[in-house]
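Participant: Would you mind keeping the following structure in view while I ask a few things?
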Ligand SMILES: Nc1ncnc2c1ncn2[C@@H]1O[C@H](COP(=O)(O)OP(=O)(O)O)[C@@H](O)[C@H]1O
Ligand SMILES: Cc1ncc(C[n+]2csc(CCOP(=O)(O)OP(=O)(O)O)c2C)c(N)n1
Ligand SMILES: [Mg+2]
């Protein structure tokens, strides 16, 4: 059965179960002209949006399943919420779907979204449905909350801060290459590509540990580090040999003759956090959350990123994934 067989209202009926995870915050969910939800007194509201397009962001049967597409469409939004240091609360979305998409596939797409919403306590409170001619487009908006004046901004890096990242870089793009080249194995890399984990818990810890500045790594470290340098009006110096990689990525690079730095700087979709804070605060953080690594430092400057390789320093251009 296709979605054109059940119509728009049949479609909504098919997906509206299990959309509310924290009922105490939702007065009206799916089913009316608008959703009505409660906010926590004293908290500021945060809103983010991200779109995924078939062909550009995923190829069904080759780089993703519908379940993974749903999961990742929400994960990329939650990653932006994490980069602000906020908690996620509500979600609305717009789906442009091809009429010949099967009801089973749509249910898988929504199962992926509901699975990650369940993990992070986010309610799906509404959406919009239109038909697409050639490729599916999914736009998700997530709402979140943060204590007044505590949001982690790209503009907050201070001279003297360390620059650090969470976990390791490059796994998602390497996983994409594994899938596109139809190689076997490397499940860990493939999982990073299909099911990225938004760093919400770390974002909250960063807020509590006086972090000055954060950005999520959706377009590659080169691009995100340059955004911080520019927004903060400082220079970042990154040490090439301090960038951490997973053993799985190193194995893949050795096998496929790929450059791990190209993955880290320009790969994108890692959804790790890059952040800056005072060194003492970083070591306090490290005691509570070990999977963070110092990769550089913040210096007076005009908004550049310099990459230190041995005793050479050269500008790291903001090249990464862009849509144009
Ligand atoms: N089409 C658009 N219309 C309005 N604002 C936009 C548009 N695209 C991006 N922005 C805004 O520009 C800023 C920078 O976006 P970007 O660097 O792409 O963030 P991210 O990498 O987190 O998606 C954000 O505040 C974002 O909301
Ligand atoms: C089939 C396919 N080709 C290429 C990519 C790689 N890719 C697509 S979008 C993207 C960057 C992140 O997407 P964007 O929409 O810019 O996220 P944002 O920065 O807005 O969070 C990357 C690396 C992919 N995921 N799938
Ligand atoms: Mg964007």
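Heads up, the Cβ atoms here are built off N, Cα and C, so glycines get one too.
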Participant: TrEMBL records 57, 321 as substrate-binding residues. Which of 108, 269, 272 is assigned to the same site?
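Facilitator: For the substrate site that includes 57, 321, TrEMBL also lists 269.
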Participant: For the Mg(2+) 3 site that TrEMBL gives with 33, 216, which of 80, 161, 280 also belongs there?
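Facilitator: Among the candidates, TrEMBL records only 80 at this Mg(2+) 3 site.
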Participant: Averaged over the whole of the domain 'PurM-like N-terminal' (31-146), what is the pLDDT?
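Facilitator: Average per-residue pLDDT within the domain 'PurM-like N-terminal' (31-146): 97.
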Participant: What other residues of this chain sit with their CB within 8 A of the center of the CB atoms of 57, 269, 321, the recorded substrate site?
Facilitator: 56, 172, 218, 219, 268
Participant: Between residue 218 (ATP binding site) and residue 269 (substrate binding site), how far is it from one CA atom to the other, in Å?
Facilitator: 4
Participant: Return the residues near residue 50 (Mg(2+) 2 binding site), defined as same-chain residues 6+ apart in sequence whose C-beta is under 8 angstroms from its C-beta, sorted by sequence, else 'none'.
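Facilitator: Residue 50 (Mg(2+) 2 binding site) has long-range Cβ partners 73, 76, 77, 80, 139, 140.
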Participant: Could you check which of these binding-site residues, 127, 128, 154, 216, 219, sit within 10 Å of residue 321 (substrate binding site), going Cα to Cα?
Facilitator: 219
